[in-house]
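> I grabbed these lines from TrEMBL:
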type     : residues : note
TRANSMEM : 6-21     : transmembrane segment
TRANSMEM : 56-72    : transmembrane segment
TRANSMEM : 93-116   : transmembrane segment
TRANSMEM : 136-157  : transmembrane segment
TRANSMEM : 178-199  : transmembrane segment
TRANSMEM : 205-224  : transmembrane segment
Amino acid sequence: MIGTIVNATMVLLASLFGYAIGRKIKEDVRDRIMKVLGLTIIFIGLKMAFETKNPVLIIASVVIGTVIGEMLKIEDGLESFAAKIERKFSGFTFAEGFVTATILFCVGPMAVVGSIREGLTGDASIILAKTMLDMVSALFLSAIFGLGVALSSLSILAYQGTITIFAGSVASYMTEEIIAEVTASGGIIVMAIGFNVVGLSRFKAANMLPALIVAPLGVLIYSAL
């Protein structure tokens, strides 16, 4: 859970820093930094994807998972939920800052995939990459909304920490093959996020999350044949 602790701590520090001097940093500088971070996210996702032992299974898992996600409209649902919460707190700067930052940092596939990976394997690389993105966002959000953004660090700790602990509790029941294919599926999703951050495409990455469930089921079915 070290990745989540680092994530929450750095968001807190970036928020305090942004509250003090965030308005002095130009927006185009932020955009360039985000694009560079997007490239590193693509690299991390690619590295994860190559951990697969069965490429055909991963292709099938991601495709089937995405179809399920599109049918359930996961990303649309998350965006709708976020919009409703933000409207409810609109006009209250501290509360709006907390809610906006919490949604941005927690409601997304990178938080889920990264927390699961750390829980299963102890590898916090995705969460640490997410931390860099969150720090840049917190820097500018706190300049607009104030110290409410800093409080979102507690949301990160609670949300990602819960997922990591749960994933860790079931890790002993997961075979190496299952962990490898879940990791590879997560890598494809992380790559999609990276392309979105760079601005090369607009994947609905949240709709791909069911692949994390389809992949281990696929391993079990394949092993039984």
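Glycine is no exception: its Cβ is also placed from the backbone N, Cα and C atoms.
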> Any chance the transmembrane segment (6-21) and the transmembrane segment (136-157) have 3 or more Cβ pairs under 8 A, given the pairs are 6 or more apart in sequence?
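Judged by the Cβ rule, the two regions touch, with the required three close pairs present.
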> Short question: most Cβ pairs under 8 Å with the transmembrane segment (56-72), which of 93-116, 136-157, 178-199, 205-224?
205-224
> Same-chain Cβ contacts of the transmembrane segment (205-224) under 8 Å, 6 or more residues past its ends?
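Same-chain contacts beyond the ends: 54, 57-58, 60-62, 64-66, 68-70, 72-75, 78, 108-110, 112-113, 116, 174-175, 177-178, 181-182, 184-186, 188-189, 192-193, 196.
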> Sequence-remote contacts (6 or more beyond its ends) of the transmembrane segment (136-157), Cβ cut-off under 8 Å?
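Sequence-distant neighbours of the transmembrane segment (136-157): 4-5, 7-9, 11-12, 14-19, 22-23, 25, 27, 30, 33-34, 37, 93-102, 104-106, 111.
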